[in-house]
Amino acid sequence: MSVMDLANTCSSFQSDLDFCSDCGSVLPLPGAQDTVTCIRCGFNINVRDFEGKVVKTSVVFHQLGTAMPMSVEEGPECQGPVVDRRCPRCGHEGMAYHTRQMRSADEGQTVFYTCTNCKFQEKEDS
């Protein structure tokens, strides 16, 4: 037995056949070759060691919950401080606002205004 064969048959630790017993990486599935070789470290395992091993997978889909419709009064678009700004749609004086950092950090924030009367929304880059 050569030194290379000895290195490939001695493992660093004991593990399940799904993992390389030398480096711990996930092993590829056995193919037509006589050995399964770890892609990361090159450790070899005889393909006969996998005889009788059953691989079972399952996919579980969880049902999505139904979203509760938001009432106009509860919506996030109505939250925030109110400023003296005239709504371009209904002419009402007073719009709620909130800010978000939509662009890169060295750019200004984006201010979102919402009319407290008709819920019209507009944005302004500052």
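Positions of Cβ are set from backbone N, Cα and C atoms, glycine also.
Note that the structure is predicted; figures quoted are calculated from it, not measured.
Residues annotated as Zn(2+) 1 binding site in Swiss-Prot: C20, C23, C38, C41. Around the Cβ of C20 (Zn(2+) 1 binding site), the same chain contributes V26, L27, C38, R40, C41, F43, each under 8 angstroms and 6 or more positions distant in sequence. C20 (Zn(2+) 1 binding site) falls within neither a helix nor a strand when secondary structure is assigned with DSSP, and so counts as coil.
Sequence annotations record features per position, and here Swiss-Prot assigns Zn(2+) 2 binding site to C87, C90, C115, C118 based on sequence analysis. Less than 8 angstroms from the CB of C115 (Zn(2+) 2 binding site) sit C87, R89, C90, H92, G94, M95, Q121, each of them six or more residues away in the same chain.
Looking at the zinc finger (20-41) alone, the prediction's average pLDDT is 89. Marked as zinc finger by Swiss-Prot: 20-41 (among others).
Residues or ranges marked as zinc finger by Swiss-Prot on the basis of sequence analysis: 83-123 (among others).
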**Asked** What's the CA to CA span in angstrom from C118 (Zn(2+) 2 binding site) over to C23 (Zn(2+) 1 binding site)?
**Response** 63
**Request:** Just give the helix, strand and coil counts over the zinc finger (83-123), going by DSSP.
**Result:** 0 helix, 21 strand, 20 coil
